[in-house]
Each structure stands twice: as C-alpha cells, then as structure tokens.
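*Asks:* Could you have a look at this structure, given as structure tokens, before my questions?
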Amino acid sequence: MAKLFRAVIMGPPGSGKGTISERIAQSFGLKHLSSGDFLRENIAANTEAGVLAKTYIERGLMVPDNVMTRLLLPRLEEMTRHSWLMDGFPCTLAQAKALNSTCDLDLVISLNIPYETLKDRLSDRWIHPASGRVYNRGFNPPRVQGRDDLSGEPLIQHDNDQPEALVARLRHYKDVAKPVIDLYKSKGILHTFSGTETDRIWPYINSLLSTKIPSRPETDTQHIPMP
Ligand SMILES: Nc1ncnc2c1ncn2[C@@H]1O[C@H](COP(=O)(O)OP(=O)(O)OP(=O)(O)O)[C@@H](O)[C@H]1O
Ligand SMILES: Nc1nc2c(ncn2[C@@H]2O[C@H](COP(=O)(O)OP(=O)(O)O)[C@@H](O)[C@H]2O)c(=O)[nH]1
C-alpha cells in the first residue's frame, strides 16, 4: 500500500483554507477533514461533546483544547487507510502537541493573506450552515442568489465575519497560531504561501503537492465528512 499522506492547512479566517482544501481533495484524493464540519456534525447529532462545544461556539468562543482533542484524535487514529488533509485543527500549541503524539505529519500549509483581502472576502462570505459550504458573491457565487447549490436552502452570514469582529479574530489567530507555526517550522514541514488570490496561490500548492503525492486523474472525490 502507498504511504499515507497527512497534512494540515492553517491560516487566518477567510484565508481560503476551505476553498484550497477542496481543491487538494479533488486533485490528490486526500480526505478533507474540517474541525468546523466535525463540530457541526456532533452538534447536529447531539453528542455529549457536541452539546458542550455548542455552548462555546454560540458565544463566538473557541472550543477548549481538551474537548477538541478528545473529539478529533480518536477519529484521526481510526483513519489508518486514508491520506488526509486537516483544516481548522490544530489551532493552538496544546492541540498541535496532542496531534504530534498521535501521528507524524508530512506537511503543513500556512496561508498568509493581507488583512484588507480577508476583510473583503469575509464581509461577502455566505454559508450554508447545515453543510458548511461557502460562497462568495464575486469569487464563487451560488447558482441562485442567497441559496445553497445542492439543497436550495437559504445561505447566511456570520456576524463574526463582519469587519468589526475581524480585527479581534485576527489578533487572536496571530497569538495562538504563532507557536504552532514555529513548531512546524522547526520540524521542517512548514510551507507558507502568500498572496491575495486563491487562483494565483493554488498552482504553487499544486506543484508542491505533486512532488509529494501522485495526482489522480479522476475528480470524483468530494468533501467527505469524517467517519
Ligand atoms: N481547532 C479548534 N479549536 C477550538 N475551536 C474550534 C476549532 N475548530 C473550530 N472551532 C470552533 O468551531 C467554530 C466553527 O469553526 P469553523 O472552522 O467552521 O469556522 P470559523 O471560525 O468561521 O473559521 P474560518 O473563518 O477560519 O473558516 C469556530 O468558530 C470555533 O468556535
Ligand atoms: N474574492 C475572492 N474570494 C475568495 C478567494 N478565495 C476564497 N474566497 C472566498 O473567501 C471566503 C473565505 O474562504 P474560505 O475558503 O471559507 O476561507 P477559510 O475561512 O480560511 O476556510 C469564502 O467566501 C470564499 O468563497 C479569492 O481568491 N478571491
């Protein structure tokens, strides 16, 4: 069996983690795992952790490290037959250390996007809450304005995507992500990509990954929720 590939994508809110993860999943057949989607699934299923996580997310707070690691690490350990790309975890040093003790990462992608770009993108980010699918009126608009392409359900905007909340979210991201980025840099697995457009960053990520994972001709891989 080919060696499994395990990667993490990091970046501030709006940096394109979800968008780029989907492209990587399609091009290279990795499973796209998203901490946000996983939390939403647990909330929908009313699991004990989901009920607890909801109380934080509703208040715009991060879910505590121990809840995140208890939820996610067993799932990652179960993924013994698939290569994966994790989006949204780890986002603190404690989470990164816990992940480290569970598996060896091959690669970490860090997205470095200017503040003005993040602000513009997020103020126009529309979300389908049930699935986590995201749209942007200029970049990837829904087929019908205000409606999810697959379900036809209404799209919403998050209050914390608006510029007033963004400065605090970015400051928080910088504070908690810095030691995580330093850790991955010291391990020699960090690759940082800077720019204002996903379409211009993507070819560089694509060629980096092509040197590490064989690309797949078929494009049948969709976003796959965690088991
Ligand atoms: N690794 C994590 N640690 C703690 N809380 C998390 C983590 N990942 C997600 N969460 C919680 O789940 C919520 C939803 O996560 P999700 O990644 O979907 O959206 P987000 O915060 O809007 O991130 P982004 O804007 O970067 O996509 C977060 O706001 C946070 O409360
Ligand atoms: N205008 C524009 N919007 C983009 C670009 N890349 C992603 N987006 C949109 O920006 C928003 C944030 O992207 P997302 O992938 O959700 O970022 P994440 O928060 O890091 O997961 C979404 O509405 C995307 O559709 C881009 O290059 N240009």
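Glycine residues also receive a Cβ, built from the backbone N, Cα and C atoms like all the rest.
Please treat TrEMBL annotations as automatic predictions, because they have not gone through curation.
Since the structure is predicted, the reported quantities are computational estimates derived from the model, not experimental observations.
According to TrEMBL:
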BINDING   Gly14, Ser15, Gly16, Lys17, Gly18, Thr19, Arg125, Val134, Tyr135, Thr198  ribonucleoside 5'-triphosphate binding site
BINDING   Ser35, Arg40, Gln95, Arg169  AMP binding site
DOMAIN    125-157  domain 'Adenylate kinase active site lid'
REGION    34-63  region 'NMPbind'
REGION    124-161  region 'LID'
*Asks:* Taking the binding-site residues Gly14, Ser35, Arg40, Arg169, which residues show a Cβ-atom distance to ligand 2 below 6 Å?
*Replies:* Gly14
*Asks:* Cβ-Cβ under 8 Å from Gly14 (ribonucleoside 5'-triphosphate binding site), same chain, 6 or more residues apart: which ones?
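*Replies:* Gly14 (ribonucleoside 5'-triphosphate binding site) has long-range Cβ partners Ile113, Thr117, Leu118, Lys119, Arg121, Leu122, Arg125, Asp161, Leu166.
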*Asks:* Just counting, how many other CB atoms are there within 10 A of the CB of Arg125 (ribonucleoside 5'-triphosphate binding site)?
*Replies:* 21
*Asks:* Report, as a single number, how many Cβ atoms besides its own are within 10 Å of the Cβ of Gln95 (AMP binding site).
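*Replies:* Within a 10 Å radius of the Cβ of Gln95 (AMP binding site) lie 21 other Cβ atoms.
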*Asks:* Provide the three-state DSSP residue tally for the region 'LID' (124-161): helix first, then strand, then coil.
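*Replies:* Taking each residue of the region 'LID' (124-161) in turn, the totals are 3 helix, 12 strand, 23 coil.
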*Asks:* How many neighbouring Cβ atoms, not counting its own, are there within 10 Å of the Cβ of Gly18 (ribonucleoside 5'-triphosphate binding site)?
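*Replies:* A count of 22.
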